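Reading through the structure tokens given below for one structure.
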Amino acid sequence: MTLGFLGTGAITEAIVTGLSMPGGPAQPIRLSPRNPSIAAGLAARFENVTVCASNQAVLDTCDTIILAVRPQITPKVLSELHFAPTHTVISLVAGFSAVRIAGLVAPSAAISRAIPLPSVAQRRSPIAVYPPQSVAASLFAPLGQVFGIETEAHLNALSTATSTMAAYFGFMGQISSWVAAKGIPEQQARQYIAQLFAGLAGTGLEESGQSPADLAAAHSTPGGLNEQLLRHLTDHGVFQTLTDALDAVHRRASGMQPLPATSPKSE
Ligand SMILES: NC(=O)c1ccc[n+]([C@@H]2O[C@H](COP(=O)([O-])OP(=O)(O)OC[C@H]3O[C@@H](n4cnc5c(N)ncnc54)[C@H](OP(=O)(O)O)[C@@H]3O)[C@@H](O)[C@H]2O)c1
């Protein structure tokens, strides 16, 4: 397999790093020229990576193509290219159904979708792929845990869930800053909170038979500090606000709502 990327931004950098680091498959990879500094950096770091002169040159030299441009420009970028029936296409573009992508990359017929996350660079990402038995599943297997997803509706729900990454760091930052304001060195506060959450994430994985509500109860002494904070947040609508925000993101992630003209760096 020769793997080509259309769009060399944040997620491409993470995937290429995960695939090319020692111990990875390190298959031949060809990058589209934008972003030039990310593309040049990856080609300098990894022997298996080269930068093509154009997007079309990626198609002409690769059999498997990963679409990794932003949703807003995807139709225009693809409309300028000539795909072949032999191309296998894996789309990372949020909010674009497989049918919509198929219309943009015809005559290629082998289309799948995937949601790799930035932690593919460290090979510890959950990676949702649709359909489950697609080439995307084996391609991403070295980069974390692949979740084969049976329907696009389910994939879009998981895509929505990934929108919580930045908010997670917002939550962590708010707590760290609050603690640091009490006089603890900022770095120590940050390290402590990160370790606290790492431990909880480990518990969530190990105790997968227990519901989140059970785990919350197990981490709350009756009348204690955890119970107080959880009740305060619940009573003030924080979790309802989270649900409302997920509903709003879901309308975009499932293509029900048009995308704004500009978008944040990560989808
Ligand atoms: N980031 C994530 O965690 C993540 C996860 C899953 C899926 N995705 C999806 O992956 C896609 C890319 O996301 P991203 O976060 O990597 O965005 P990004 O960092 O903005 O990367 C997109 C890249 O596309 C390049 N580009 C712009 N115009 C181009 C053109 N005409 N031809 C080829 N490349 C062009 C940009 O180059 P310039 O910098 O020169 O403009 C930029 O480097 C999105 O559709 C997103 O929904 C992202």
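Every residue, even glycine, has its Cβ placed from backbone N, Cα and C.
TrEMBL has this to say about the protein:
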- Asn55: NADPH binding site (BINDING)
- Ala68, Val69, Arg70, Pro71: NADP(+) binding site (BINDING)
- 3-95: domain 'Pyrroline-5-carboxylate reductase catalytic N-terminal' (DOMAIN)
- 152-255: domain 'Pyrroline-5-carboxylate reductase dimerisation' (DOMAIN)
To the nearest Å, how far is the Cα of the residue listed as 'NADPH binding site' from the Cα of Val69 (NADP(+) binding site)?
11
Asn55 (NADPH binding site) has its Cβ surrounded, within 10 angstroms, by a count of other Cβ atoms equal to 21
How many of the residues that make up the domain 'Pyrroline-5-carboxylate reductase catalytic N-terminal' (3-95) does DSSP mark as helix, as strand and as coil?
37 helix, 18 strand, 38 coil
Around the Cβ of Val69 (NADP(+) binding site), how many other Cβ atoms lie within 10 Å? Please give the count over every shown protein chain.
21
For the domain 'Pyrroline-5-carboxylate reductase catalytic N-terminal' (3-95), what's the mean pLDDT in this predicted model?
97
